[in-house]
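Annotation source Swiss-Prot lists S-adenosyl-L-methionine binding site at Gly64, Gly65, His66, Asp83, Phe112, Asp129, Gln136.
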Amino acid sequence: MKKYKPKSGERIERQEEVIPPKVELPFEFSPEHYPVLLQEVLAAFYPLRDKKELSYFDGTFGRGGHYMALKYAYPQMKATVMDQDLAAIAFAQSRFQTEVEKGQLNVIHGNFTQFSEHNLNNFDMMLLDLGVSSPQLDQGERGFSFYNDGPLDMRMNQQQGLTAEVLINTASEDELIRIFKEYGEVYRPSRVVRAIVNDRKTKAFQTTGALAGLIERVDGWQVKGHHPATKYFMALRLAVNSELEVVAEAIPKMIRALNPGGRLAVISFHSLEDRIVKNIFRESEDLGRTVTKKVIVPTQEECDRNSRSRSAKLRIFERSAQDELTKL
């Protein structure tokens, strides 16, 4: 059979040569929080398995679930991890003290947009697991969840930034409408916003329960199984932490920090985040390629096991190898 020759200017989609096998994790694998899309993330880095040395960067360490599994699958890996949540940093330094002392793990407190400030480069594997971790959702005092009453905080880094309480009690009616429409994709937030502005004149909103109760009273349960406050809380969290802007700023830098042939995997939980990731990957095709045409989503089995995973989306970018760069 003759080898196909592309026409001038024609782009060829490179296909994966190997279907990665499922990684059977040991019985003692027991992360505090079972990570989303774990097997899919392990598969994303499978083509790098034969490298004698592997460098890994995790910009959203959380409770280290992905790190633990990757360390088991690729024992030659050395890792640098970041998180802006001090609780996650304290957990990493305690749970993985041995790895830190051996120089196998470098733990840094900060937002992943700051990784270039630490002169971090030349990674084979990079991962971002965007959104809120389960421990953050389960702790009412963090203010992320309407199911656990607590102060309206919502800051990923509690040492800095505006709280959701300040935002909800001081932003203008027009600004709140913009936030809920733009970040939460709420179709008609005007009634809820008017109620917020009216009620805060007599008593400021201080707790998640108070805000969720107002939204439930005004909006009602429009979709079965989805609390009416879901999109409103997500919009506030995105606004408080400037999450969309952070993603747009960080990903191009991370692509350039990859070694030739290295891969960046990004898990998002919001359509706007996923759109940003997709567009940046497309705009970066002079540096590499998007590994899969279609976005990767959790299996039904995973969604049944962990309902919080149902909106997760995974995209993978591969930096061109040096020998490929000369051919393009």
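The backbone N, Cα and C atoms fix where each Cβ goes, and this holds for glycine too.
Keep in mind the model is a prediction, meaning the values are calculated, not measured.
Overlay of Swiss-Prot feature records on the structure.
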| residue | record | DSSP (3 states) |
| --- | --- | --- |
| Gly64 | S-adenosyl-L-methionine binding site | coil |
| Asp83 | S-adenosyl-L-methionine binding site | strand |
| Phe112 | S-adenosyl-L-methionine binding site | helix |
| Asp129 | S-adenosyl-L-methionine binding site | strand |
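Annotation for the binding-site residues Asp83, Asp129: lowest Cβ count within 10 Å of the residue's own Cβ, Asp129. For Gly64 (S-adenosyl-L-methionine binding site), the Cβ neighbour count at a 10 Å cut-off comes to 26, with all displayed protein chains included. Under a cutoff of 8 A between CB atoms, and with a sequence separation of 6+ in the same chain, the neighbours of His66 (S-adenosyl-L-methionine binding site) are Pro35, Leu38, Val41, Asp58, Leu127, Asp129. Counting every protein chain shown, 22 other Cβ atoms lie within 10 Å of the Cβ of Gly65 (S-adenosyl-L-methionine binding site). Counting every protein chain shown, 28 other Cβ atoms lie within 10 Å of the Cβ of Phe112 (S-adenosyl-L-methionine binding site).
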